[in-house]
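Feature annotations, reproduced from Swiss-Prot:
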type	residues	note
BINDING	G11, P12, M13, L14, S15, G16, K17, S18	ATP binding site
ACT_SITE	E83	active site, proton acceptor
BINDING	F113, I157, E158, I159, I160, G161	substrate binding site
BINDING	C138, C141, C170, C173	Zn(2+) binding site
Amino acid sequence: MNGGHIQLIIGPMLSGKSTELIRRVRRYQIAQYKCVTIKYSNDNRYGTGLWTHDKNNFAALEVTKLCDVLEAITDFSVIGIDEGQFFPDIVEFCERMANEGKIVIVAALDGTFQRRPFNNILNLIPLSEMVVKLTAVCMKCFKEASFSKRLGAETEIEIIGGNDMYQSVCRKCYIDS
């Protein structure tokens with residue numbers, strides 16, 4: 001793929017989205033591309049930077065709106081974005097960056113714990129050159145898991161947590177519980 005484009009990595013909690021994002025960004029770094037990663041600043045589960053659930057860390061800019069980093073990223077040709085579902089300006093930002101010739105890689109939850117589209121992240125699908133939906137392992141029956149199930153009774157959409165608050169589950173286990 002030459003020129004600007006968007007790569008979208010979606011899936012449930014614990015499916016390896018952040019790990020795949022880091023792998024792709026590192027691949028471009030090895031090829032001497034100038035890369036930057038961005039994470040949602042309200043996600044501070046493990047500390048600063050981009051973290052995977054298995055505690056791998058990667059340096060990242062931290063913001064709540066992507067438009068806040070426009071000036072800081074002008075010299076970068078590859079932009080990795082983790083937790084893309086939380087950014088209200090994700091669609092406009094990615095389209096603008098790709099149109100300016102940048103490679104944009106986004107990792108995001110595709111659905112909420114209620115199995116509804118997560119904010120406007122699915123609007124990136126028709127704008128993306130590459131879309132990958134990862135699965136996790138069902139934490140109840142150990143089959144392929146495509147959904148995230150919240151363990152608590154909270155009803156708000158944006159509650160940031162890991163396997164202490166969410167489980168990846170298959171369709172049957174989601175419905176049965």
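Every residue, even glycine, has its Cβ placed from backbone N, Cα and C.
Source: prediction; values computed, not measured.
Its own atom aside, the Cβ of the residue listed as 'active site, proton acceptor' has 23 Cβ atoms within 10 angstroms in the protein chains shown. The recorded positions near K17 (ATP binding site), taking a 10 angstroms Cα-Cα threshold over the set E83, F113, C170, are E83.
Excluding C138, C141, C170, C173, which define the Zn(2+) site, the same chain contributes M139, K140, F142, K143, A145, V169, R171, K172, Y174 within 8 Å (Cβ to the Cβ centroid), listed in sequence order. With respect to Cβ neighbours within 10 Å, the binding-site residues S15, S18 differ, and S18 shows the lowest count. Among the binding-site residues C170, C173, the residue whose Cβ has the fewest other Cβ atoms within 10 Å is C173.
Highlighted in sequence order, L109, L134, A136, S168 have their Cβ within 8 Å of the centre of the Cβ atoms of G11, P12, M13, L14, S15, G16, K17, S18, the residues recorded for ATP, and are not part of that set. Cβ-based crowding with a 10 Å cutoff singles out P12 as the top-ranked of the binding-site residues G11, P12, G16. Here is what falls inside 10 Å of the CA of P12 (ATP binding site) among the recorded positions E83, F113, C141, C173: F113.
Within 10 Å of S18 (ATP binding site), judged by CA to CA distance, lie the following recorded positions from the set E83, C138, C170, C173: E83. Counting neighbouring Cβ atoms within 10 Å of each of the binding-site residues (M13, L14, C138, C141), the lowest count belongs to C141. G16 (ATP binding site) and the residue listed as 'active site, proton acceptor' have their C-alpha atoms 12 Å apart, to the nearest angstrom.
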